[in-house]
Amino acid sequence: MVMTERAIRCRDEVAAAIAAGAPVVALESTIVSHGLPRPENLTVARRIEQVVREHGAVPATIGMIGGTLVVGLDDAELTHLATAEGVTKLSVRDLAVAAAARADGATTVASTSAVAARLGITVFATGGLGGVHRDAQQTYDESADLTTLGQTPITVVCAGVKSILDVGATLERLETLGVSVVGYGTRRFPGFYLTDGGFDLDWSASSPAELAAIMAARRAQDLHRAALVVANPLPESEQLDPALHDEVLTEGLAGLERDNVVGKAVTPYLLAHFHERTQGASLAVNVEIILRNAALAAQIATAYHTAAGPSPA
Amino acid sequence: MVMTERAIRCRDEVAAAIAAGAPVVALESTIVSHGLPRPENLTVARRIEQVVREHGAVPATIGMIGGTLVVGLDDAELTHLATAEGVTKLSVRDLAVAAAARADGATTVASTSAVAARLGITVFATGGLGGVHRDAQQTYDESADLTTLGQTPITVVCAGVKSILDVGATLERLETLGVSVVGYGTRRFPGFYLTDGGFDLDWSASSPAELAAIMAARRAQDLHRAALVVANPLPESEQLDPALHDEVLTEGLAGLERDNVVGKAVTPYLLAHFHERTQGASLAVNVEIILRNAALAAQIATAYHTAAGPSPA
Amino acid sequence: MVMTERAIRCRDEVAAAIAAGAPVVALESTIVSHGLPRPENLTVARRIEQVVREHGAVPATIGMIGGTLVVGLDDAELTHLATAEGVTKLSVRDLAVAAAARADGATTVASTSAVAARLGITVFATGGLGGVHRDAQQTYDESADLTTLGQTPITVVCAGVKSILDVGATLERLETLGVSVVGYGTRRFPGFYLTDGGFDLDWSASSPAELAAIMAARRAQDLHRAALVVANPLPESEQLDPALHDEVLTEGLAGLERDNVVGKAVTPYLLAHFHERTQGASLAVNVEIILRNAALAAQIATAYHTAAGPSPA
Ligand SMILES: [Mn+2]
Ligand SMILES: [Mn+2]
Ligand SMILES: [Mn+2]
């Protein structure tokens, strides 16, 4: 028990909310350390938490400080991950190695989900999921987010997956892995920057209460070991211009070949290309997405925890 | 507990048999709602249950009625799923969403296995397993049946997988996922309509008692989280004529390209093509398969539960 | 309990060490029965155990004798698996079927890991892992070792994977499945016969104590359901000559096409080709690898169990 205390530290406010069965929303820190440029990243990280509070839930941004997993980073810790050099991106498989190295680290969709579920947090807000890479038929490059979501019973609010991935293959993997996917107000899977990512969904929900009812059914059935993904599209008025998106994507994919970019360099290359070529519009859309997802996640957590009453520890 | 009662309802006869450690055979409802044409589907569904009884076990057809998972549908419920419009096909990931929508639904191999194992049912009879689709190298289309069988300790009696899938790739996935496959009276994996699906098996058993001994060893070792697939081929005298089969399959695959059929439309297209072109012979074979599998499943359940004595709740 | 006793038998010395929280190293038997030629195989099997003892841990070679899984084969049993005909190679999915058949069998990386973890053994030494086969994009041939490591919390010391596999794809699968990979004294993934297998690693450790600290962090975090792979390269002075390796590999792959070798015949064909064409040098390297891994595994187990104190049963 002493070891566990040291391995994972939960901020008092978050621990109290979990214990009381009150709504909590987990948040990842990779978007803070790696996903957004400085210094906006810290401002946005604080706004995300504020949005969660405004919608009635306690925010719990998760990260690693000096080898300790912290659930509910305080402002000094958030600032540290937003500004320090050498913050490592940590998937689930990295958590213990990083802990032994007393590292500072940011948690991905996979590791945030795993840590949150382990502590009994039921809802998690992020931007987009990792997925199957476009060349995965040859490279086998598939994000551990998918496998982890296939093993982690938590509700994840996102805006689909970025079009730089193989969206169709990602949806197939989610199906194969038993991850439930429900569109929020839509039967089309959102494409992150785009309202419509080009693929149909089997299920849709139109309110936080409906999603809370699904979560209650999951708990009652006790058959779901995988995540529930809530796919929350941007309204069309706020998406990236689809014509611009397609042009920039085509250019970016061509650039990969021209500049011989492969492996882990692909995603940062394409995102930087989007950022430059859209003159920051892709970044603004990215921020909008995460704020909207944080709001919806808080609403879902509130609906679920109000309806369900305090959850058993 | 109250929530669980509402989420899953077990027919008294089935619950009593499970509690007493008596033989029960789980049955899926997708074959009733989607797999067989009306009105034969209801007749066949009843015959399947009758065959299970004749071989000493209690049948438990599983489905969803008005959002409640029912283990052991009664005749009115079976009739409803066989005749109503709008019965949804539900894999594991759909179960809670459908429950919240108060849907009527039919369970697949994956969801039937998961529900049955959750209630302590040890044997399940079906026709053929889902598998890796022929174009999965590009599309990633692989049935959630495979992943679920990799996580669900239950014995599934089937006649292999249909040749419209990539049978070799499906067998590889079963191996990768740790699913045990034992031929019943054969070392060749059956091809559903065909006695011999074209691939070797490592293991074979020749009696229900042998299979019950394997199940007992699984329980004693406590190392198997995956399913045990019993591959039960049709006798050669009852299979679809192999020459006709190959001709119809080749035609059907060509038809996919000609008619530009992709994704979820592929399987129904090919099955309808088989049905038409064989003038119903493929359907008759399909019915024969499920009846034979139900009989073998009941014999295995009887052998296992007799040998093992009442199982612990 | 009586069934479990019969299903798995643990040698007294091993059981006592586990109960006392003393260091134990699990060892596989496939290398004895199938991986090395006779009669050296038995000599090597004994030397491996001796090396584990010399480094302070109790060796527990795992195998199946007459249907019983034995954890800690005695010398007569080891001799039997090294010399008898008809010893079957058993992955996890084969264990119960083989037990019911009262078979003699050798355990793979997958089944050795699963059995060892089930008994509370924390460290396992092997040669190389199974992986993604070179033609898996078409055939789907991926070793169950990978999936099992994704589900089994144990530390596995190996020298990477053989170059006859698709090493890059194997590393991607390990990442997707959440398996931690740490280089021992290197940030390059070893290529079994070769010190450097051609791919980077994210993490490295330089002492058994560091690896023990990672294991302690895994236990404290309680988030890791997958294995920790310690990739222990041969020193450059002991590797197979890289120029010879590349030549022999190229020849061997060409031979597969020429001789029309496919499926399960590929690996034995290529290994025999390496053995012949290197005039036994590949075999000598193989033996060196397993002895070095056994020594490191014993050191890690000793560091971990000394630091952690007796583990809870
Ligand atoms: Mn990747
Ligand atoms: Mn599919
Ligand atoms: Mn294989």
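Cβ from N, Cα, C; glycine included.
Automated prediction, rather than curation, is the source of TrEMBL annotations.
Per TrEMBL, the features are:
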| type | residues | note |
| --- | --- | --- |
| ACT_SITE | A:E28 | active site, proton donor |
| ACT_SITE | A:K162 | active site, nucleophile |
| BINDING | A:K89, A:V109, A:S143, A:A144, A:D145 | substrate binding site |
| BINDING | A:D141 | Mn(2+) binding site |
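Features recorded in TrEMBL, as mapped to the structure shown.
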residue : record                    : contacts (Cβ under 8 Å, 6+ apart)
A:E28   : active site, proton donor : A:T61, A:I62, A:A106, A:T107, A:T108, A:V109, A:T112, A:F124, A:T126
A:K89   : substrate binding site    : A:T30, A:S33, A:H34, A:G105, A:A106, A:T108
A:D141  : Mn(2+) binding site       : A:V132, A:H133, A:D135, A:G263
A:S143  : substrate binding site    : A:V109, A:A110, A:L129, A:G130, A:G131, A:V132, A:H133
A:A144  : substrate binding site    : A:S91, A:V92, A:R93, A:T108, A:A110, A:G130
A:D145  : substrate binding site    : A:S91, A:T108, A:V109, A:A110, A:S113, A:L129, A:G130, A:G131
A:K162  : active site, nucleophile  : A:G128, A:G191, A:F192, A:Y193, A:L271
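Other than A:K89, A:V109, A:S143, A:A144, A:D145, the residues of this chain whose Cβ falls within 8 Å of the Cβ centroid of the substrate site are, in sequence order, A:S91, A:T108, A:A110, A:S111, A:L129, A:G130, A:L146, A:T148. In sequence order, the recorded positions near chain C (CB to CB under 8 A) are A:A144, out of A:E28, A:K89, A:V109, A:A144, A:D145, A:K162.
In this structure, A:E28 (active site, proton donor) belongs to neither helix nor strand by DSSP; it is coil. A Cβ distance below 6 Å to any atom of ligand 2 is met by none of the recorded positions A:K89, A:D141, A:S143, A:K162.
With a CB cut-off of under 6 A applied against ligand 1, the recorded positions A:V109, A:D141, A:A144, A:K162 are reduced to A:D141.
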